[in-house]
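Participant: Structure provided below as structure tokens; questions to follow.
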């Protein structure tokens with residue numbers, strides 16, 4: 001059951017993101033800043049879901065739950081790198097939409113090709129530094145309480161449970177600081193979309209308003225799901241920890257967004273559908 005569930009989700013993510021990447025690369029009409037950011041998002045989605053799901057599928061198929069210590073560290077690093085870079089990129093994309101809708105005459109000045117490439121590079125670089133910091137800090141903690149993570153991939157909270165010293169509090173402090181930083185980005189995203197909604201409400205056409213809302217609201221929903229479940233997984237107290245809720249929450253923030261992003265960012269996009 002686990003294997004077929006993960007296989008279906010993984011194939012859907014591969015197909016959706018692969019089609020978006022192919023369409024944007026092959027159609028010169030889509031060589032614009034907005035689609036450049038969407039191209040980066042699709043690469044991050046493919047990478048993040050490929051870091052966790054294939055290993056879980058292999059374990060389910062062969063009825064094993066083993067992963068090497070090095071493999072666990074590599075999986076944790078890649079997952080943190082790709083998911084944090086994706087969150088930073090979603091922040092940039094919210095700003096891109098804000099400028100396009102609320103300041104269309106300044107779009108070429110504020111978000112030219114060079115500015116877009118710089119912001120995308122900043123998202124990738126920030127994700128890399130974030131992953132290095134947390135991975136190095138987590139795996140420098142002495143572990144002595146068994147080796148059972150109770151999760152389908154290597155996750156920081158589960159690794160911290162195996163610690164046998166107070167040094168794990170250092171990583172907890174880093175997680176709290178990171179959560180505050182990510183929440184700040186979330187506030188920026190929400191403010192951007194609030195300005196977008198205000199602009200959209202002034203559109204005289206009811207059809208135009210409906211199209212804008214049906215495009216923007218799913219973006220907000222996915223970002224909210226991603227942040228809320230991720231923060232719950234990493235900041236919840238150990239007293240309310242149990243295997244099934246942990247699995248569900250981790251599934252919601254690690255597997256669902258990469259699988260549904262292609263659908264959300266392309267279903268209302270006529271240019272992308274035309275290119276496909």
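Even glycines carry a Cβ here, placed using N, Cα and C.
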Participant: Match it up for me: which of 152-171, 172-191 does TrEMBL list as transmembrane segment?
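Facilitator: It is 172-191 that TrEMBL annotates as transmembrane segment.
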Participant: Which stretch, 6-26, 33-53, 115-133, 172-191, tops the Cβ pairs under 8 Å count with the transmembrane segment (212-235)?
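Facilitator: Going through each listed stretch, the top one turns out to be 172-191.
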